[in-house]
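Asker: Just dropping this structure here.
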Amino acid sequence: MPNASSWSASSPLLLLWEDSSGTHIFLSLLYAVLAISGTLSNVMVIYLVFSFKKLQTTSNAFIVNGCAADLSVCALWMPQEAVLGLLPPNSSSLRSVEYRLLRGGLLSLGLTVSLASHLLVAFNRYVLITKLPSVYQALYQRRHTGCMIGLSWALALLLVPLLPGLWTSGSAQQPPPQQTDGSSRYTALLIALAVLGQTALLLHCYLGIVRRVRGSAKRVSVLNFPLLHQLPFPAAPPPPRRAQRRLSSVSVLLLCCVFLLGTQPLVWVSLLGFFLRPAPAALQAASWLLLCSLSALNPLLYTWRSEEFRRA
C-alpha cells in the first residue's frame with residue numbers, strides 16, 4: 001500500500017494518493033501549461049475589452065468578470081500547484097494548514113465567480129434573443145449590470161470560508177478523503193446540487209436561444225444590437241438562412257458540451273461518493289482537473305466566434 005501522506009499534504013485537492021514522482025511531475029507540467037495559457041488568454045480578453053469601445057457591451061462585462069475570476073485560478077492557484085508538486089513530501093509548505101486554506105480560498109473564489117459569470121452571460125443572451133428590446137434595455141442598465149457582477153463576488157466571498165474544507169480537511173496524519181467527516185460529505189453534496197442547478201439554468205437559456213434562432217432567424221437578423229456580435233453566430237459574410245441557423249445552433253451546442261464536460265464529472269463523482277461509495281482516486285482527480293481547466297478555456301469559448309474580437 002503506497003504512502004498516502006505525501007501527496008495528500010502536497011495536493012489534497014486532486015485526491016491522488018499514489019506516492020509516484022512521475023505522477024507529480026506530469027501534473028506539475030499540466031498545471032504549468034494551463035496556468036500560462038489561461039493567464040495569457042484571460043489577460044488578452046480583458047485588455048481587448050478595455051481597449052476597444054466596440055467591445056464594451058453588457059455581455060462582455062460579464063465575460064470580463066469571468067476572466068478576472070479565472071485569473072485567480074490560472075495566475076494565482078495553478079502556479080502554486082505546479083511548484084508544490086515538485087517539492088519533497090516533507091516540505092514545511094506542504095504541511096501548513098494555513099497555506100492550504102489560502103490556496104483553497106483562491107480556488108473557491110475563482111471557480112464560484114467563474115460559474116456565476118457563465119450563468120450571467122447565458123441569461124443576458126437569452127433575454128436579448130427571446131425578449132423584447134425594451135425588456136432587455138430596462139433589465140440591463142449600467143447600475144443593474146454592476147449589481148449583478150457585485151453579487152457574484154459577494155456570493156463567492158460568503159462561500160470562501162466553507163469550500164476550502166472540502167480539500168483541506170485531510171492532513172498528513174489523517175486518512176484519505178474517502179474517510180473524512182460527514183460535514184465535508186454534506187458540503188460536497190450541496191456544492192454538487194448547486195452546480196447541477198446552475199447547469200440546468202444555463203442549458204435552459206442556451207437551448208431557448210437555439211429554439212428561437214432555428215424557428216425565427218428573421219427576428220435575430222433585424223435586431224440592431226452591438227451585443228449580437230458577441231453571440232456565437234457567424235458574422236460576415238452572412239451565409240444562407242438555413243446554413244446560418246445550423247451554424248448558430250452548432251456553436252451554442254458546442255459551448256454547452258464543453259461546459260458540461262468540465263463541470264458534470266465532478267458533480268456526479270460527488271453524488272456517487274455521497275450516496276453509494278467513493279469513486280476511484282484517479283477519477284476524482286480527473287474530474288477536478290476538468291473543472292479547473294475551464295478557467296483556461298473560458299476566454300476561447302466566448303470569443304472564438306466573435307468577429308469583433310477577431311478584428312480587435
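Including glycine, each Cβ sits where the backbone N, Cα and C put it.
The domain 'G-protein coupled receptors family 1 profile' feature in TrEMBL is assigned to 41-302. The feature transmembrane segment is assigned by TrEMBL to 25-50, 62-80, 100-123, 144-167, 187-209, 250-275, 281-302.
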Asker: Considering only Cβ pairs under 8 Å, which range in 62-80, 100-123, 187-209, 250-275 makes the most contacts with the transmembrane segment (25-50)?
Answerer: 62-80
Asker: With Cβ-Cβ distances below 8 Å as the criterion, list the same-chain residues six or more beyond the ends of the transmembrane segment (250-275) that contact it, or say none.
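Answerer: Same-chain contacts beyond the ends: 115, 118, 178, 185-186, 188-189, 191-192, 195-196, 199, 202-203, 206-207, 209-210, 213, 232-233, 283-284, 286-288, 290-291, 293-294, 297, 301-302, 305.
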Asker: Hey, which bits of the same chain come close to the transmembrane segment (62-80), Cβ under 8 Å, at least six residues off its ends?
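Answerer: Result: 31-32, 34-35, 38-39, 42-43, 45-46, 49-50, 103, 106-107, 109-114, 117-118, 120-121, 124, 145, 148-149, 152, 156, 230, 292, 295-296, 298-299, 302-303.
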